[in-house]
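**Student:** One structure, as structure tokens, below. Some questions next.
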Amino acid sequence: MYRWLVRILGTIFRFCDRSVPPARALLKRRRSDSTLFSTVDTDEIPAKRPRLDCFIHQVKNSLYNAASLFGFPFQLTTKPMVTSACNGTRNVAPSGEVFSNPSSCELTGSGSWNNMLKLGNKSPNGISDYPKIRVTVTRDQPRRVLPSFGFTLNSEGYNRRPGGRRHSKGNPESSLMWKPQEQAVTEMISEESGKGLRRPHRTVEEGVQKEEREKYRKLLERLKESGHGNSVCPVTSNYHSSQRSQMDTLKTKGWGEEQNHGVKTTQFVPKQYRLVETRGPLCSLRSEKRCSKGKITDTEKMVGIRFENESRRGYQLEPDLSEEVSARLRLGSGSNGLLRRKVSIIETKEKNCSGKERDRRTDDLLELTEDMEKEISNALGHGPQDEILSSAFKLRITRGDIQTLKNYHWLNDEVINFYMNLLVERNKKQGYPALHVFSTFFYPKLKSGGYQAVKRWTKGVNLFEQEIILVPIHRKVHWSLVVIDLRKKCLKYLDSMGQKGHRICEILLQYLQDESKTKRNIDLNLLEWTHYSMKPHEIPQQLNGSDCGMFTCKYADYISRDKPITFTQHQMPLFRKKMVWEILHQQLL
């Protein structure tokens, strides 16, 4: 009857005798491993020496075997520990799994329980490359993975966040696996709110050229709708660009002035520049000067569909596309050889055009000598802003006025009025039409004060003996030109932004009627007169927000010679330098 009890007790003592020598041998190897890998993770729990708990563990397993022999239900209240014979580490099984024999690599149980323990392959140094145990259970239970708590150098476990907090990565093979540091960093970046891969930010210059002219056009429309000519509205415009892309930074803020009944009243125009650039001086204009458009990023296009399409897409013109781009240089840079480069596209067209056309293009691309370029650079360089560089026509041009002719700067009244007087002096020569030019302050005063305010402006001048009358128009932040052709009895409004000026032409036509009746006592037949706003496709249009003053001056230059207007936007840098020399020497080239 008690024969089974004797067999069980004998089994207990036999297991205790067998487990002591292997445990000591494995303990030494485990202690060496723990010492070797203690630098990997200081928080890792070292393996303990099997003492009394090993005996208790064997007793419980023996009782379990006895219960299984007689068919009694028996469950362990604690988790049995399995000692791997391969690496000497102990694994704690989940509460739902029971091992019948912990001393071997293959565990077999009674009844329908059939558990198989699979260990990872050993590395040459005796350490398992994959320190995990797979247990396959055949009774409707999913396969479970039993990770080992003893990690090796090439094993995978926790990943650390930048803040020091740990987080584990899910893995169908192992829930505790260390990943290489490089891979962990990559996954961490990619999983945290998608910050791993970002599209690079577009540079400030990219796309500005495409929107430059459109923004300027919308500004003009908004100012036109905001009120009448006497309305006051501040403007602040900030444009950011870089030296390498042939753009500067200019912040314009302030007020302009207009003459009204002998008193200058404030009008919506910038009065002061604040220029930031790597070359050249800091330029600030006088507060009493009314300035045209400010320095804005250049959107000059090349001749041809290819360059025009690139500009529409917002791409910057590459400096190596053609020699024409090199001609768009900075004023004041001191480069002498750039102006003498021939534009390849224009040279090609010159071969196919007539002699008159070729002469006109050659005249526009007149080369400047080194002495001329040196003189221009000195005028645009450092120096007192109030220094007078040219004086004529009862006008004085200072260094600050000349520096408005730098690329991307807005021209002021003094520069435009001085240049218009140079046109009048040239047309006094034989072969040019009789020309009269009004000041830039004429139209604002006429509009605000009527004919009586400007009645004395033509004292000693008979307008009806002239052939062409030019009236520069300044509307808030934009320059345009009205051409009165007395030979054809017509008024034409030229705007580099394509705006219409019917109301301006009507005011000037009424002025001619009053002038004729006062000076000649003759009424004009207004039915014989026409006025017309030039359409954008009929005259060159500016492609940026800074060259409207230059376009106005060149409109006047070509019309005063009775020549068709054939210049383009890309010629503006050359025209600016030529105008500097012409003002300094008080003669046109």
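Even glycines carry a Cβ here, placed using N, Cα and C.
This is the feature table in Swiss-Prot:
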ACT_SITE  H478  active site
ACT_SITE  D495  active site
ACT_SITE  C548  active site, nucleophile
MOD_RES   S32  phosphoserine
MOD_RES   S333  phosphoserine
MOD_RES   S344  phosphoserine
REGION    71-382  region 'Axin-binding'
REGION    148-179  region 'Disordered'
REGION    191-210  region 'Disordered'
REGION    395-559  region 'Protease'
MOTIF     28-31  motif 'Nuclear localization signal'
MOTIF     46-51  motif 'Nuclear localization signal'
MOTIF     317-332  motif 'Nuclear export signal'
**Student:** Measuring Cα to Cα, how far is C548 (active site, nucleophile) from H478 (active site) in Å?
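**Tutor:** Answer for this pair: 7 Å between alpha carbons.
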**Student:** Which whole-number mean pLDDT does the model give the motif 'Nuclear export signal' (317-332)?
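**Tutor:** Looking only at the motif 'Nuclear export signal' (317-332), pLDDT averages out to 38.
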**Student:** Do me a favour and check the Cα-Cα span between H478 (active site) and D495 (active site); whole Å is fine.
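**Tutor:** Between the alpha carbons of H478 (active site) and D495 (active site) there are 9 Å.
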**Student:** Which chain-mates of D495 (active site) that are at least 6 residues away have a CB under 8 A from its CB, listed by sequence?
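**Tutor:** D495 (active site) has long-range Cβ partners H478, S480, L481, G501, S533, M534.
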**Student:** Note down the number of other Cβ atoms within 10 Å of the Cβ of H478 (active site), including every protein chain shown.
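**Tutor:** Total other Cβ atoms inside 10 Å, all chains included: 24.
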